[in-house]
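Enquirer: Structure below; questions to follow.
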Amino acid sequence: MPLLTRMLNAPLSIDVRRGAVAALGDLLADKRIATEGRVAIAVGRGQGDQIAEHVRPSLAACDVFQVDGGTVDAAVDLGTKLRGGSYEAVVGIGGGRTIDATKYAATLSGIPMVSVATNLSHDGICSPVASLVHDKGKGSFGVVMPLAMVVDLDYVHAAPPRLVRAGIGDVVSNFSAVDDWLLAAEECGERVDRMALTVARTAAEALLHQPGSIESDRFLTVLAEGLVLSGMAMSFAGDSRPASGGDHEILHAIDQLYPDAANHGELAGLGAAFCYHLRATHLGQGADRLAEILTCLGRHGLPRFPADIGLSVEQFADAVLLAPRTRPGRFTILEYLGLDKGATLKAVEEYVQAHGG
Ligand SMILES: [Zn+2]
């Protein structure tokens, strides 16, 4: 009989709650990730030391390494240190940058990685992709999926609110990514993985309609789980397709042209809203989704318009124009429409006029 199932690459365990970090040692032992306690801990500069001290009592023996930002160099450096010791696993504790660098280092050194997120700024906390800075800018690198995922809500409550809210934009951008995927299937015959699509979209749908905000544990749990599900959707699909469409192309273009204008999740949400404006005005689809996304972004104080991130209409239009070149081979609403400079500027002006007043 043929085996009519599929194997999915997902973490062994997902733990989202207050106090989760203190139970890290038990998790590593129970799940047989580190039976002898030979664990390396990677922390970022800043709050890293404090967290390492919090974790230490639950681990018999561990070495703590500082990760110097989210760069390829820092990740390679950590990878070398990991190879130097005979560690059973590495635990990356921190925000997106530290976790991305640790994922890459773990992949280089061939040991499993446990992700402990202290903020919820983007879906890289539990995905098979690491976004790292190199000589020529920022790049996305395929890495091994974290073996276990821990989100300690005590740390998330203590994180800068801006870094926590940003994740909302990243999860909500799944709507736009998924619609781009379906468009690519229709126009270019691209294969759609319906399982991955369902997981990505359901995560966004749950968050969109979740009352409350980042002050509440319940909301944070839906957000954290939404980010984890987005990461899993990418793992199921084998690339970032279910969580990255024209929205993320615009994000990457803004990152290139105006570094530090805003963070990943903030830009993803803004990019998704603009992509839905294009759909609504050029395809006659998605106006209701656009309204929902704008309401959601507004309710959580996330940027919705170019001015919210300090860009003029012209600057934003330049980014939209550059966007398709940031991700060659990915077909989205931007590639489908292929708007020239004049038409792009007009579209951005219309977007701001129609929704920004
Ligand atoms: Zn993203």
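Note that Cβ sites are derived from N, Cα and C of the backbone, with glycine treated the same way.
TrEMBL labels come from automatic prediction, so no person has curated them.
According to TrEMBL, the feature NAD(+) binding site maps to Gly96, Arg97, Thr98, Ile99, Asp100, Thr118, Asn119, Leu120, Ser121, Ser127. Feature annotation from TrEMBL assigns glycerol binding site to Asp123, Asp170, His248, His264.
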Enquirer: Using Cα-Cα distances with a 10 Å cut-off, which of the binding-site residues Gly96, Thr98, Asp100, Asn119, Ser121 are near Asp170 (glycerol binding site)?
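Expert: Candidates kept after distance check: Ser121.
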Enquirer: How many whole Å apart are the CA atoms of His264 (glycerol binding site) and Ser121 (NAD(+) binding site)?
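Expert: Per the Cα atoms, His264 (glycerol binding site) and Ser121 (NAD(+) binding site) stand 7 Å apart.
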Enquirer: Which binding-site residues among Gly96, Thr98, Asp100, Asn119, Ser121, Asp170 have CB under 6 Å of ligand 1?
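Expert: Asp170, by Cβ distance under 6 Å.
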Enquirer: Which residues, in sequence order, are found in the same chain with Cβ within 8 Å of the centroid defined by the Cβ atoms of Asp123, Asp170, His248, His264 at the glycerol site, excluding those residues themselves?
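Expert: Output for this site, in sequence order: His122, Gly124, Gly169, Ser173, Ser230, Ala243, Ser244, Leu251, Gly265, Ala268.
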Enquirer: Restricting to the same chain and to sequence separations of six or more, state which residues have a Cβ under 8 Å from that of Ser121 (NAD(+) binding site).
Expert: Gly95, Gly96, Leu163, Val164, Ala166, Gly167, Asp170, Asn263, His264, Gly265
Enquirer: Counting only residues 6+ away in sequence within the same chain, which have a CB under 8 Å from the CB of His248 (glycerol binding site)?
Expert: Ser173, Ala177, Ser240, Ala268, Gly271, Arg327
Enquirer: Could you measure between Asp100 (NAD(+) binding site) and Asp123 (glycerol binding site) for me? Cα positions, answer in whole angstrom.
Expert: 11
Enquirer: Using DSSP and three states only, what is His248 (glycerol binding site)?
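Expert: DSSP assigns His248 (glycerol binding site) to helix.
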Enquirer: What kind of secondary structure is Asp100 (NAD(+) binding site) part of, going by DSSP in three states?
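Expert: Assignment for Asp100 (NAD(+) binding site) reads helix.
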Enquirer: I'd like to know which of the binding-site residues Thr98, Asn119 has the most other Cβ atoms within 10 Å of its Cβ.
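Expert: Most Cβ neighbours within 10 Å: Thr98.
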